[in-house]
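Engineer: The following feature annotations were taken from TrEMBL:
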REPEAT    B:21-62  repeat 'WD'
REPEAT    B:67-99  repeat 'WD'
REPEAT    B:118-152  repeat 'WD'
REPEAT    B:163-194  repeat 'WD'
REPEAT    B:208-239  repeat 'WD'
REPEAT    B:253-293  repeat 'WD'
REPEAT    B:317-350  repeat 'WD'
Amino acid sequence: MTFSGALTLTDLNDFITPSQACIKPVEEVKRPEDYKEPGAASTAIHVDSAGSYYEVTANGSLNGVSSSRKLETAQISLNDCLACSGCITSAESVLITMQSHEEVFNFLSTNPPRTSPEHRIPVLSISPQSLASLSASLSSSSSASISISQVLRRLRVICKNDLGFTHVYDTTFARHIALLEHAQEFSERRAGTGSAENKLPMLSSACPGWVCYAEKTHAEMLPFISRSKSPQQVMGTLVKHWLGEKWGKKPHQIYHVTVMPCYDKKLEASRQDFYNDLYSTRDVDCVITTGELELMMRARNSDLSASVPDEERHLSPSEPNFDDLPELLSHPGSSSGSYLQSLISEYLTDGSELSTRTIRNADYEEHVITNKSTGNVVFKGAKCYGFRNLQNVVRKVGKEAGVQIGRGAAGRLSSVRTKRNMSSRGGKNAEVEKDKAYDYVEVMACPSGCVNGGGQLKSQITRSQNQDNAEETSEARWGDKEWTKRVEEAYWHNLPTPPPSPSFSPVSAETYDPHVFANEFARRILVDLCKPHNGAESAWRTRMDADAEKMRASLFRTQYRAVESNVVGLQVNW
Amino acid sequence: MDSDVLMDHNTEFQLMQVAEFSNHEERVWHLAWNPTRPLLASCSSDKSVNLYHYDTTGKFEQATSISTGHSKTVRAVAWAPSGKTLATASFDSQVGIWEQEEPEEEGGAPGEWECTILEGHENECKCVAYSSSGTLLATCSRDKTVWVWEVQPDSEFECVGVLMEHTQDVKCVAWHPTEEILASASYDDTIRLYVDDPDEDWYAFQVLSGHESTVWSLAFSPCGKYLASASDDLTIRLWRRAAQFKWEPIGMLRGHDRTIFSVSWGLGNGDGENAGWLASTGSDGKINVWEMKAPENGTLDSKLIATLRDAHSVSDVNCVAWNPRPGLGDLLATAGDDCSVRVWRITGVA
Amino acid sequence: MQDVPVYNANPTVFAPSKPSKSSLLSAHSLWWDEELDVKAESEDEEIKPDEIFDLIRSITDPEHPLTLEQLAVVSSPQVAVSGNFVNVEFTPTVPHCGMSAIIGLSIRVRLLRSLPNRFKVDVRVKPGSHNSENSVNKQLNDKERVAAALENDSLIDVVEKCLSTAGRRGQTP
């Protein structure tokens, strides 16, 4: 099989790009003798053959002997990126060096043996979108299509045997929990039982590109963004806390790597909120992209196209097994996490009907649930992908909620008669009624969502070479769209657990229903981690006692903060 | 076709000044003739937009001044094809959409100019342009992006495209005169052309390279077959549409000795092979007018028919614009660093 | 408040030359400082490179309490005047100097404010003296970028600070 070429910096195409050169200032420790005598300074900076900078005292030093001092190289961490308003999202080169497959190799090669108390258990969790990308890539160079469950089984063998991981999971069960928590948060917001800040519409938070963009340029959107952790960070909680405890390990004794379709997931994992001060460790230690995982396998000469024993074995166990996390749970809806669909299935009842409207293309869809007898809108949600649609959501939500959009825009046009939307809509009450505000929006920064993430494998569709410039461009575009479609197909193809309708209802069925099983599993985890007073009575969608709720919030929710523009004059890009 | 015009020629036409306005307090950046009404708009670093009215005898007077409320320079203005809406692009990163209130009673005085704000650009917005149908609006910025907005009823706008093709500051956006083809010019020395894929998004179908420095201004020919681009490399380049999605270079004009800031392609006087008049201006303070001809053999011929030095005394001239209204194609307006707006008529030398 | 990177912590300092003769002679020089009106009598008067140099020599470096002349960033031979065209070349103290754009901007603003508007000024870094020579030159001579920079409050603060000493014109305070 042929994988795509290695990802290089220029291949990155996360859809919100850094807009400026990095302006992170370097802290300079001034020594007392500096500037003692203005006009007397007499050093120069020299660069040696290795590219290191040296400050050289040519003459005039006290003893008259020339000396040199190596200057420190500036270091920029991902946390600096998050705290800086210089560019909209990540400085790509920083992401590459701080969280990379080389970093993972580096860890694995220096990890002390299992017998050592210093040993950290290497765990790898892979997203279903990454599996779909690998599956599409494998299938394009093979006669038979390779399903994502086959890919997972093969990866498990490779990651354990060739790369040295102890455990390999997929992140769909973490997503199941994220969806439960997300639905719980939505019902809190809808009922007004959350904090005053918790407003509707609720906007999804699983896309770190979107979260980062909102924090830097649309602080007014932050109260609307779901506080529930993304599947990656829920997985971090499960691995470092719940599984760790089962293994008798503290969080810092586990090294957790996730494989994601997106570079910005590296930024997410680096957020201060996901750093454990007590153990000086992160819930996810290192994030690599699908492309980087492919590079790692290539570096170890691993062959993902070779089948492994039992790879087509049916996944559902004969009897529920609560020792290992459920795998490859499917959540119908979108290939970006099905956040909207999970809420729709909650509010869609026999007495109501769902209508779907595509606005322009599949990246912007409105879903409305109406009560069949009264005609009232029960729920109005939208799925909105890509930077362009994201702008419209920001505009629409800002207008509907009556918040001023843009940074510091309030009062900017006070001297002018600013046209109010209300005036032009006066007398059209019927339309206003119909034009109900959104309750929920599933927001993703990439067009086509996560299957088309910037960290995915490149298109395997070969492009015809001998065409003129213009046609070649549209050909390339077509190829990429077509490729995304194939990844999307791989994502849904031959799923081991096709659920007719997802239900978050209590365990009741005698037959194995993966969602029912997952709910029960999630309940046990919640009880284990939050230790509610009423113990086993608790379920994910019930409210527990205050202490347990506090624990739930700390384990499964997070927070956002606006990044203030604090660029000093010398750093201004102009 | 490399017309080297470094000296004044004995030209067939001359530019006669018909009006001068010095009501702006700072540098005037840009101009826009209303396509349906006798109005000319100018914008300035003084954050205001001035409107000038003219009558059938060619008498110009200032009609009004709008204090836009933009917190920084108003860099560009554009009228919608209907002539009812005016758009402003400002260094404060915002785009203003201006409409005049209907008169209180029929025949009464029109009301105040009201504004809808479009936000999204990260920093200085450099240019704004309406498509020929008036249903689309394009904006560009130093943030390297070009945005396409759909104009909806009731002053609603929906963003239909964010194009991140340029690697630098985008200086200018221009729409094809009849089709929904968008062009943008940049500090990265390139021009990019975009169309809408009806099922998908806006995308760039071609990059026009050749300029050796910043491309400041773009003008499609009124027939839509040609595009002119003006650059800091002191050339105006001419591009021809060779196929539906293919443009190719067909010529270069020289005639300025400092940065060329603006080009405008007017209807001209309607001769047989006439492809209109192309006017250019820039930091050298000169206005050049070329007569463009497109004979049957497929070439594009150009002839310098008028040139005027020191059009705004010693100052840079930032913008030149032909009046687009029928029968008024001999009127040209310019805006300069001397805070003035001037209107010129091109006339044959007797 | 962020700390500021220092691109050249300990630069070489040069002794300032004497104020140019012309500026000493004409205490009421038309370009003594920008507050003075530039009158029509100057319209056709030739300006000498030394006079331009006098206008910019005492601009303070953005990161050192030293003038551009003391750092040898500007010098009289690096100013050329031809009719209404003024060309100023400056030499960054180190080739990777991140302050070059600010220094060039300060020079440009100083000349914008003090020269009659008939002058067209080009500001460039000395060829071969900076790693990103072309991009610095391009930015400094893009009037739109310069105009926008002057509307940026935090940037103009820095420029004003650099220019606060420009009126000394080589004299000690």
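Even glycines carry a Cβ here, placed using N, Cα and C.
All annotation found in TrEMBL is predicted automatically rather than curated by experts.
Values in this document were obtained by computation on a predicted structure and should not be read as measured data.
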Engineer: By DSSP, how many residues in the repeat 'WD' (B:317-350) are helix, how many strand, and how many coil?
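Structural biologist: DSSP composition of the repeat 'WD' (B:317-350): 0 helix, 20 strand, 14 coil.
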Engineer: Rank B:118-152, B:163-194, B:317-350 by Cβ pairs under 8 Å to the repeat 'WD' (B:21-62) and hand me the top one.
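Structural biologist: Checked against B:118-152, B:163-194, B:317-350; highest Cβ contact count belongs to B:317-350.
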Engineer: Residues sitting near the repeat 'WD' (B:118-152): Cβ under 8 Å, six or more positions beyond its termini, same chain?
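Structural biologist: For the repeat 'WD' (B:118-152), the list is 72, 75-82, 85, 87-97, 158-180, 182, 184, 186, 192, 194, 196, 202.
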Engineer: Run through the repeat 'WD' (B:67-99) and tell me, per DSSP, how many residues are helix, strand and coil.
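Structural biologist: Summed over the repeat 'WD' (B:67-99), the classes give 0 helix, 18 strand, 15 coil.
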Engineer: Can you break down the repeat 'WD' (B:118-152) into helix, strand and coil residue counts using DSSP?
Structural biologist: 0 helix, 20 strand, 15 coil
Engineer: Go ahead and report the DSSP secondary structure tallies for the repeat 'WD' (B:253-293): helix first, then strand, then coil.
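Structural biologist: Counting residues by DSSP class gives 0 helix, 25 strand, 16 coil.
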